[in-house]
């Protein structure tokens, strides 16, 4: 035997019917589906006001409340239709009514605003609601968002920015509203419909019902967001397309005209460096000029007399200016190694046959102070050290700034003449 349920007092039903049902046009009152929508409004009013102000009234759902109204006003069903059947038809019809709302994003585009229904088992979803007769979609979205959050999106809404899905044969369109300050105060305008309003990080929301991201990061099961789940992945895709969250841009959600982020600058620097390497593969333009100048200098010594004069001048310079040369060359070892490591661009075929000679360019002797590599025929030139005293040179002198490759090298004038074909 079923326990007897508490009944809604007749006076309460009279007041509710006069407020929401009896005053509607006759053509709507004769339509049971339209009457059910008005009964739904009466049910919300009963929960918001009568239940709050009159203790002892029974708590009832929409089906029990609709049965009580139809029983109290039998003229609403003149043909004696089955109430359960009418309610099923009304529920099916409701699923076909489009719903419109908004996805509200903060200024960082990383957080989204969700609302929670009043009932204890209600989950989190986007503010939205069913469209009224002859109501424009964007007007419906603005109205529903204002009723559920107290925030007016009319100044933010763009009619072309929305995500539209069909869920269980019901059309749902949510307009995307970016750039709402996170410190905005939200206050629902309807009673007993919205319990909580909170910001949630988009990356912590689930994309499907088995996504356990909110469980690990928010401590909430994914089914708590079942009304929002269908929109999360399309929202991420929309943000990626609109604000360029791709590897090509390197600047997150920055706009097209903003300053490139550091990775972009570094990428440009690396590109310029690679380009310079292609233009000057063997070094800087100055290095190229020096290397080009060296063979020209080598060709300039055209006869034996000029070579002898140059060698004598070299001897005199080393006697008088040894100290200055060492002081003016702070990086002698590095410089000497660099010069020695440069290959000769033009070699006489005789060099290939006489591998033991390994001739050295004349300008190397003049440009480096690495060794005393002058011929010692007839006289022994004296070279001045940094300390000021002279030392006799026999062709095998060693100085602190000498190159290892030429410490034991003896200058052979005859070999040089052969190489120059003089």
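Cβ coordinates are placed from backbone N, Cα and C, and glycine is handled just like the others.
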- Task: According to Swiss-Prot, one residue in 249, 254, 302 is annotated as phosphoserine; name it.
- Result: 249
- Query: Can you tell which of 246, 255 Swiss-Prot marks as phosphoserine?
  - Reply: 246
- From 63-84, 85-106, 107-128, 129-150, which range did Swiss-Prot mark with motif 'Nudix box'? 129-150
- Item | Residues near residue 148 (Mn(2+) binding site) in space but at least six apart in sequence (CB under 8 A) | 115, 127, 129, 188, 189, 190, 193, 194, 197
- Spatial neighbours of residue 144 (Mn(2+) binding site) that are distant in sequence (at least 6 apart) but have CB under 8 A: 100, 101, 127, 128, 129
